[in-house]
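What TrEMBL records for 20-40, 61-86, 106-132, 153-173, 193-214, 261-286, 306-336, 356-377, 397-419 is transmembrane segment.
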Amino acid sequence: MEAPEDVSVREQLFHDRVRETIICVLLFICLYIVSYLVITHYKRNAEFTIDNSEDATVNKIALWLCTFTLSVSVGAVLLLPLSILSNEVLLSFPQSYYMQWLNGSLIHGLWNIVFLFSNLSLVFLLPFAYFFTESEGFAGSKKGVMARLYETAVVLFLLTLLVLGMVWVASAILDDNMARQSLYDLWEYYLPYLYSCISLFGVLLLLLCTPLGLSRMFNSCWCVFEKLQTIKRLGFSDTNSGFLFLPSEIRKRASPWQRNLGYPLAMLLLLAVTVVCVLIVCYHVVELLFDDTAMPRGMEDPLLGAASFSMFGSLGAAVQVILILYLMISSVVGFYSSPLFTGLRPRAQDTTLTQIIGNCVSLLVLSSALPVFSRTLGITRFDLLGDFGRFNWLGNFHIVFLYNILFAGLTSACLINTLTWTVQRELIRAFGLHKLPSTVSRSTIPLRLLLANGLSKIQ
């Protein structure tokens, strides 16, 4: 009687594995198609329609690698939202026959696949794509794609040795025992340590870019609303309002509902979501002082469908998903708004292949650090799965606590600064001080005159 039961169990495991593989492949195909359409929208077509077939082939191979990397980046962004939503779906439909495919094994497998492909893309594929496009073949060798492939392989091998040697020296300085182990077991100690350093850099980059992006989005939305109100107040037409630097498409599509209701609601929504983020982080700071479980940690066996990861149930889980995606969008906006990375900003049909590679590297670093970023700030209580929870610095209380303090402080400072300048512009316009000549300093105007001018306008 035991043999048939054993066979049935093995068959069930086999079918589960095949089903998970099919789901992962279908999901990756969808992400790859979307990524290819995005890159095709931004790439410079002249680099792929050249007469030299060798260069065209090399550029196409590099483009395929960039598309693969971008699809991995999108998958990394969706890891936490999919995991949180899957848990809520299983809580709502625990006995549903159509939800049996959604389980902890599938989610855990997705985390492992994204982690593996992130390492592969960041360490090998993207450097290979860059060196492949820049290579010309060794001197004296026959020209062709294979000659460029040989040169790229040699350069990439030497670069890998250099990077691994530098990381081994760093690990030897910080922890001698780990450095010795990494020589014996490259996969278990060396590569995770390397990716831990990369993830720490990505989390620090998110710390700097996210507050900047939040401020930038709010300021941009306010400027659009302000210019639309100016057009309405002064009665400018589309032909004589060019000095307002507002695209004609926005002016033509902006209905009275959008001007009077849409943009104000958008600004209030941005403000509300940002304030909620800051309050959650502040609560997490207090929680770190009194609760050890608030520290980010890894989880090997996710128990999906057992309990909600939010104290507010499904509504709280939906808010967590919105906040995670909002922080990712803010970080991307802040990244491209930074003066250091303005040159990487893609332009439709005018982005070189080198810029595409640089954008893919940047987005991969930001997106692969997003799960760690969200869990470190306490945006969600969903613990990190797989190798994402093995980063060395996650267990350091001082790093996590200081990181939360810095994020709350920087975000609050950017938000207050943006609101302060916005209110100041409105007061200057309300008091008519914008009509003063540029030679007159507004800071030298007495407060009594300012108040008198304001009271006279109220009367």
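Backbone N, Cα and C atoms are what each Cβ position is placed from, and that goes for glycine too.
When Cβ-Cβ distances below 8 Å are used as the criterion, the transmembrane segment (106-132) is approached by residues 20, 23-24, 27, 58, 61-62, 65-66, 68-69, 72, 75-76, 79, 82-83, 86, 148-149, 151-152, 155-156, 159-160, 163, 191, 194-195, 198, 301-302, 304, 354, 357, 360-361, 364-365, 368, 385-388 of the same chain, each at least six residues removed from its ends. The stretch with the most CB contacts under 8 Å to the transmembrane segment (261-286), chosen from 61-86, 306-336, 356-377, 397-419, is 397-419. The stretches the transmembrane segment (397-419) and the transmembrane segment (193-214) are in mutual contact, each linked to the other by at least three Cβ pairs under 8 Å (pairs 6 or more apart in sequence). Contact between the transmembrane segment (61-86) and the transmembrane segment (153-173) is not supported: fewer than 3 Cβ pairs lie under 8 Å, counting only residues 6 or more apart in sequence. Tertiary proximity for the transmembrane segment (356-377) is limited to same-chain residues at least six positions away from its ends with a CB under 8 Å from its CB atoms, namely 39, 42-43, 62-63, 66, 69-70, 72-74, 76-77, 79-80, 114-115, 118, 121-122, 126, 129-130, 133, 198-199, 201-203, 205-206, 209, 280-281, 284, 296, 323-324, 327-328, 331-332, 335, 341, 344, 346, 383-384, 388, 391, 394, 400, 403-404, 407. Long-range Cβ contacts of the transmembrane segment (20-40) within its own chain (Cβ-Cβ under 8 Å, at least 6 residues beyond either end) map to 63, 66-68, 70-71, 74-75, 101, 105-106, 109-110, 113, 356.
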